[in-house]
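J.: This is the structure, below, for whatever I ask next.
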Amino acid sequence: MSSIGTGYDLSASTFSPDGRVFQVEYAMKAVENSSTAIGIRCKDGVVFGVEKLVLSKLYEEGSNKRLFNVDRHVGMAVAGLLADARSLADIAREEASNFRSNFGYNIPLKHLADRVAMYVHAYTLYSAVRPFGCSFMLGSYSANDGAQLYMIDPSGVSYGYWGCAIGKARQAAKTEIEKLQMKEMTCRDVVKEVAKIIYIVHDEVKDKAFELELSWVGELTKGRHEIVPKDIREEAEKYAKESLKEEDESDDDNM
C-alpha cells in the first residue's frame, strides 16, 4: 500500500499519489520470488540457464520446464509465474508464425520482442485484467544480425542485453556475469560459466534441490534454439561444482 494513501493497489489502472502503479510492482515481486534465470550473449550465440527448483520429490524429472522454443531460431527463458509465462510463450509463437506466413522469412528478434512487450504492457492499462507475473528473456542468432538477447519485464519494457539475470538471485548473478569477457567467449565457454553462476547463486539453505536447465542458439546449432546436449550439460555441472569447491577451499585457507 502507498505511504500516502490506501486503496491505490486495487487496480492496475490507478496511479498512487506518488506516481506508482502498485499492481505492476506486485507482479515484479512475483518474479523476484521465483527461481533464477540467466541469459548471456557471446560472439557466436546466446546461452540460457535456469535454476529450476524441485519442490517435491514426487515430480517427474524434466517437468515444468522454464525454457521454451518460440520459433526455430528463438529461445525463451522465464522467471515468475509459470502459467503466465506459458501464455506469453504461446503469444510469442503466434507472432512468429504470423510473421513468417505474411513475409516468408523468420521474424527479427527485436520486432518479436517489441510485439510481445506491447502485449504485456496492454495488461497494465485496464482494471479488468492483471499484469503478467513473469519476466522473460528472448534470444536468437542469425548470420545477418548475429546473436541477440532481449528481456521483457511485467511493465512491458524491453531492453537488449549482453548478459541478463531475472529471479530471486538476479543481483548476485549480474555481479558474476559482469566479470565475464562475453564478447570474446564462445557458446561452449559460456555454458560452463552459466552453470557455475547458477550454482553460485543457488541458496542451499532455503532451496535444497534444483535442476539445471541449459539451452543455446548460435553458430554451433546452425541458428536453431536447442537444449544443451546431456554430455555437455554434465560436463558444465562438473566444472561448476569443482569451481565452487576450489573457491570454498581457498576461503578456508585465507581464514
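Placement of Cβ uses the backbone N, Cα and C atoms for every residue, glycine included.
Predicted, not measured: the structure shown is a model, and the values here were computed from it.
Here Swiss-Prot flags SER2 as N-acetylserine, drawing on experimental evidence. Residues or ranges marked as N6-acetyllysine in Swiss-Prot: LYS57, LYS206, LYS230. Look at Swiss-Prot and you will find SER243, SER250 tagged as phosphoserine.
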J.: Compare the Cα of SER243 (phosphoserine) against each of the modified residues LYS57, LYS206, LYS230 and report the nearest.
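T.: Of all the candidates listed, LYS230 is nearest in space.
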J.: Sequence gap of 6 or more, Cβ distance under 8 Å: name the residues on the same chain that satisfy this around LYS206 (N6-acetyllysine), in order along the sequence.
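T.: Counting only residues 6 or more apart in sequence, LYS206 (N6-acetyllysine) has no Cβ neighbour under 8 Å.
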J.: Hey, what's the Cβ neighbour count for LYS57 (N6-acetyllysine) at 10 Å?
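T.: If we count other Cβ atoms within 10 Å of LYS57 (N6-acetyllysine), we arrive at 6.
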J.: At 10 angstroms around each C-beta, which of the modified residues LYS230, SER243 has the fewest other C-beta atoms nearby?
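T.: Result for the modified residues LYS230, SER243: minimum number of other Cβ atoms within 10 Å at LYS230.
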J.: How long is the line from the C-alpha of LYS57 (N6-acetyllysine) to the C-alpha of LYS230 (N6-acetyllysine), rounded to the nearest angstrom?
T.: 21
J.: With DSSP assignments reduced to helix, strand and coil, which class does LYS57 (N6-acetyllysine) get?
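T.: Looking at the DSSP assignment, LYS57 (N6-acetyllysine) belongs to neither helix nor strand, so coil.
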J.: Under a three-state reading of DSSP, tell me whether LYS206 (N6-acetyllysine) is helix, strand or coil.
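T.: Once the DSSP labels are grouped into three classes, LYS206 (N6-acetyllysine) ends up as coil.
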